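Colleague: This is the structure, below, for whatever I ask next.
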Amino acid sequence: MIEWIIRRSVANRFLVLMGALFLSIWGTWTIINTPVDALPDLSDVQVIIKTSYPGQAPQIVENQVTYPLTTTMLSVPGAKTVRGFSQFGDSYVYVIFEDGTDPYWARSRVLEYLNQVQGKLPAGVSAELGPDATGVGWIYEYALVDRSGKHDLADLRSLQDWFLKYELKTIPDVAEVASVGGVVKEYQVVIDPQRLAQYGISLAEVKSALDASNQEAGGSSIELAEAEYMVRASGYLQTLDDFNHIVLKASENGVPVYLRDVAKIQVGPEMRRGIAELNGEVVGGVVILRSGKNAREVIAAVKDKLETLKSSLPEGVEIVTTYDRSQLIDRAIDNLSGKLLEEFIVVAVVCALFLWHVRSALVAIISLPLGLCIAFIVMHFQGLNANIMSLGGIAIAVGAMVDAAIVMIENAHKRLEEWQHQHPDATLDNKTRWQVITNASVEVGPALFISLLIITLSFIPIFTLEGQEGRLFGPLAFTKTYAMAGAALLAIVVIPILMGYWIRGKIPPESSNPLNRFLIRVYHPLLLKVLHWPKTTLLVAALSVLTVLWPLNKVGGEFLPQINEGDLLYMPSTLPGISAAEAASMLQKTDKLIMSVPEVARVFGKTGKAETATDSAPLEMVETTIQLKPQEQWRPGMTMDKIIEELDNTVRLPGLANLWVPPIRNRIDMLSTGIKSPIGIKVSGTVLADIDAMAEQIEEVARTVPGVASALAERLEGGRYINVEINREKAARYGMTVADVQLFVTSAVGGAMVGETVEGIARYPINLRYPQSWRDSPQALRQLPILTPMKQQITLADVADVKVSTGPSMLKTENARPTSWIYIDARDRDMVSVVHDLQKAIAEKVQLKPGTSVAFSGQFELLERANHKLKLMVPMTLMIIFVLLYLAFRRVGEALLIISSVPFALVGGIWLLWWMGFHLSVATGTGFIALAGVAAEFGVVMLMYLRHAIEAEPSLNNPQTFSEQKLDEALHHGAVLRVRPKAMTVAVIIAGLLPILWGTGAGSEVMSRIAAPMIGGMITAPLLSLFIIPAAYKLMWLHRHRVRK
């Protein structure tokens, strides 16, 4: 089949070249128009349900809202995890779906089940779906800063809420624009309870009067002078004077009682659950990308829009960018594009040096851009964008892509040399040249195609990875496969034609190249010794494999190396119960300390949540975005690790457990596992006190484990409560029900939202409550006056007990089970070792209570899942490769020889990992898988040469004329005379990978871990090909000869 394709391609070479030209034009257009991003979309399919229950404590929100929602959502088809968050006034439910679920199908299913549960929620409470986005979609953040001093935080927040937000939401693929920080303007009706009692007016009557005085009505239309006039009755509240003139009732003598008579009306700030800080408090905005859309295009559109809006801003107000993901995208793409260009140049130089013939080198080099075009065309149809991983797949394939072309060119050189040697007086005419080139291609084409197919199939385990790891490495596996498949196709279709056109003139003999002479001079005596002592050679090889046991015990494990995104996120863990004022003070202190580090350019602090369903952060949760200066402006010798270490030593405040993480990586981890730290432990149970006790024990144990930099367990019961325990019997004596007292507590103490004003497009809430002096202590609450239905005036203490207690400040559930999370940050030690010691310490020192369970999460959970899948799929892939080898060689022994020799190629990779201080991870595992495919290819090519050499010696196939000397000569001929193509393949692969290994730009952390085992393996893989396979093949032939005899 392969022979037929080669011959038909040569016969129709004009059509093939036209097809290649069309492919190159199409591919170039695709490369220019391929969308780009920093990383693949790693987010799980997620649907968020947000429910507001204003003024309610977390336990009430959990019991009445979150629990009904989470238990119902467990039955949604395809849902794998349901997480619930109950906090003051809000419920968040995150439904995570299985891989491959269509996001809009998932939203429709959740909406369907939401309709079923709506009737179980409290009256007036409505659950709604969040945007079709996730926390990973926070692609651009900005702050509104007033330089003039004329605009307060309320003005800036109004500008953000009612102007900028709506303008930015018009941009295509912007799912939401969230506001954070500042203060929301609020009309506050502060009731004087004594005046209220004096006039005999209840709170319910005040609420009714406010509602009745804030309406508009239409009166249809009338005709006047042949024109239609629409009638309306204006009644919206718009000024404080409007509030003052609201009539509550008329006195006995007909004098009206106004709202101003019983209350003070003022404009003030709404209760704050989020604070933003940028050299002082500011108002921030977050642009959230719709799932699966092009981040770079949307950010460019946002910047253009903000630029046009600047002229519309009030005098002195500026928009300051605080986070811009497009900077990372540009750095990553520029870095890898540069590495690809470096690889192309280095590979071209290597080819020219070995072949010593410019036109022959061009044949090999031309396969690189053509293979790249093929890869990008397939990427376009699959919908893959250009990112660190997809470009990385092409980058690690560059060296292997030219392997087939190199072997074909070298074989063509040999056959042309032989023809000249056999016909010294003849001139090679055009027809004969094409015959020699075609025959040379057919000779090695099938084996090369099989070897490239093996390299392609070696990536099957990567395709089977699930979840986040699958989405991360899938694009790399796809693009590498497309590039190698393109190279295989070019090797049998285009390369023979290019050789026919370009390999002309005098072909320099291999011996004329000083580099080739040196290789043969070194290899020749070593191979003689190997063939003389084949068993000793194999024994030494086996012992060398055993040497990897030492570095394997020294090399740690991790899920992925930390990617330098250029920005940092400071997310300290704090204990609950902090006030808004204290949170703002803490934020300003930490931001000031962070700014003292010279490499920091800007600090944008946030504590609490943004106004979006994608952010469920409680008030005590700090997220500070740190923009670093360009690396060339850093102090000499500074690295990201050193900056983090200096930041950690600088920011030391009581009650804070520091955590420094890349922004995108953090949001991906929190979406996938819910844990913000690299290592997390989830304690689940039914009794909150038991969960808290176990979590605190684990926190104490974790701090004793080497490598743990910080450990903090969330306190489920760390919140502070003032409980109003209603005495039903006492309330009944005054004609009051429990609901009557609760309504009073909700409205007078908590503050009731009784409507909103309409001021153009702006809407501001109206809040009704008692003065601060009547509700600032338990004693004051006990003395709150209540007007009973029988118009008696009593105090709250007459119908209820007021007590101070503790309770949950925020409740988290996983699949409807209450859960506490312990955040653990590890430094100066690999993650796997830390987790293993943690597991051992917890098993020995922590006693599980009945009904509780402990599970490790965070990146360790992802690593465990990936390892489990690879342990299953790698052996299966080796079986598939074995079958291919058998089909190629038709001998079980020869297929076994190549498969069994692959571990020797891994020796160099493991030693280089140890030498460079890299940990085993999914990235290094990908490098080892790629190395195994290349090592198998080396074995195939060497075995092909050895078989050809033996087949060319008829005496070896006859038991009567067989001799070991003849066998050695044939093996020597097949190996030594073909040392150039083998050395070239090794050189181009190493040369192609070195720019990746030495790279320092964005994304190099992952790519260098993939390249390291491949480069290390390229040191031992040639030894496998050049020495071990000839030695083993000799023993195999000797055994075969003995069996024949």
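Residue numbering: from 1, along the chain as shown.
A Cβ is built for glycine as well, from the same backbone N, Cα and C atoms used for every other residue.
Positions annotated as transmembrane segment by Swiss-Prot: 14-34, 336-356, 361-381, 388-408, 444-464, 483-503, 530-550, 869-889, 896-916, 926-946, 983-1003, 1010-1030.
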Colleague: Verify whether three or more Cβ pairs under 8 angstroms connect the transmembrane segment (483-503) with the transmembrane segment (361-381), leaving out any pair fewer than 6 apart in sequence.
Modeller: yes
Colleague: Six or more residues beyond either end and a Cβ under 8 Å away: which residues meet both conditions relative to the transmembrane segment (896-916)?
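Modeller: Counting only partners 6 or more residues beyond its ends, the transmembrane segment (896-916) has Cβ contacts under 8 Å with 541, 544-545, 547-548, 551-552, 554-555, 878, 881-882, 885, 924, 927-928, 931-932, 934-936, 938-940, 943, 1012-1021, 1023-1024, 1028-1029, 1032-1033, 1036.
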Colleague: Thinking of Cβ pairs under 8 Å, which stretch from 530-550, 869-889, 983-1003, 1010-1030 has the most of them with the transmembrane segment (388-408)?
Modeller: 983-1003
Colleague: Is the transmembrane segment (14-34) close to the transmembrane segment (444-464), in the sense of at least 3 CB pairs under 8 angstroms with a sequence gap of 6 or more?
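Modeller: In this chain the transmembrane segment (444-464) does not contact the transmembrane segment (14-34) - fewer than 3 Cβ pairs sit under 8 Å.
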Colleague: Quick one: find which recorded stretch in 14-34, 530-550, 869-889, 983-1003 has the most Cβ pairs under 8 Å with the transmembrane segment (483-503).
Modeller: 14-34
